[in-house]
Amino acid sequence: MKFKKVVLGMCLIASVLVFPVTIKANACCDEYLQTPAAPHDIDSKLPHKLSWSADNPTNTDVNTHYWLFKQAEKILAKDVNHMRANLMNELKKFDKQIAQGIYDADHKNPYYDTSTFLSHFYNPDRDNTYLPGFANAKITGAKYFNQSVTDYREGKFDTAFYKLGLAIHYYTDISQPMHANNFTAISYPPGYHCAYENYVDTIKHNYQATEDMVAKRFCSDDVKDWLYENAKRAKADYPKIVNAKTKKSYLVGNSEWKKDTVEPTGARLRDSQQTLAGFLEFWSKKTNE
């Protein structure tokens with residue numbers, strides 16, 4: 001079956017898998033589409049451009065993941081010590097491979113799960129994606145992070161940095177509150193996920209890395225803990241972005257939801273840059289062990 005502009009996870013033009021299951025909405029945790037909407041009803045609510053994804057490998061205007069990576073680089077460029085200088089040089093040298101990994105995560109199998117994007121979501125409280133039993137962003141991001149470290153140690157630098165790009169994609173996915181609470185493109189109200197991410201693309205330039213920003217680190221030597229903590233921080237902001245007021249505003253077609261979400265979104269973008277900077281330093285540390 002084909003739906004235009006929407007799949008279960010993200011907002012792309014692609015085939016979707018239709019799962020023969022019934023899922024009840026639960027307002028206290030994961031939110032799902034309460035009453036299945038007809039394809040034309042969903043389509044009418046969706047914007048006619050791709051959402052917060054990786055729509056071009058190196059165009060930050062339409063690639064929020066890569067934009068966050070470039071902001072993280074700016075943060076790392078301050079207070080450069082020997083290890084950080086080496087990391088910065090390598091990130092610059094292998095920028096193309098990193099960018100391609102970030103991009104492919106949204107456009108190639110097995111990374112985008114045949115257009116369902118199941119592995120791009122992760123609820124840290126339930127330790128699952130939006131369909132329990134499938135690989136989530138914590139598991140998938142950790143897998144490519146660890147493969148990247150192994151490839152680097154073996155001198156396979158092109159694949160190491162490509163897989164680092166994949167890991168960056170999953171890590172930054174769950175720094176978005178909707179992804180950290182399994183609120184998908186067809187969660188109620190259908191299309192709000194996509195509209196919100198498109199809105200982020202229009203305002204993110206207001207929240208670039210500044211001199212006072214530092215790399216934020218989590219106190220763990222396990223990358224799964226890093227992904228968990230990153231999602232936990234994002235989920236804490238979920239009620240500020242998805243609530244009764246913002247849903248109603250979106251459904252009636254006014255822009256009040258944008259005004260209500262701009263402040264928490266800006267704070268979320270800044271935090272995402274800083275935790276990603278820490279994530280990159282953590283990766284560098286692991287490659288040198």
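Every residue gets a Cβ built from N, Cα and C, even glycine.
His179 is the only one of His179, His205 that Swiss-Prot places in the Zn(2+) 2 site (with His193, Glu197). Site annotation (Swiss-Prot, ligand Zn(2+) 3) includes His120, His169, Asp173; from Asp106, Asp151, Asp158, the additional listed residue is Asp106. There are 29 other Cβ atoms within 10 Å of the Cβ belonging to His169 (Zn(2+) 3 binding site). Each of the binding-site residues His120, His179, His193 was scored by the number of other CB atoms within 10 Å of its CB, and the largest score is that of His179.
Per-residue confidence over the domain 'Zn-dependent PLC' (52-289) averages 95 (mean pLDDT, predicted model).
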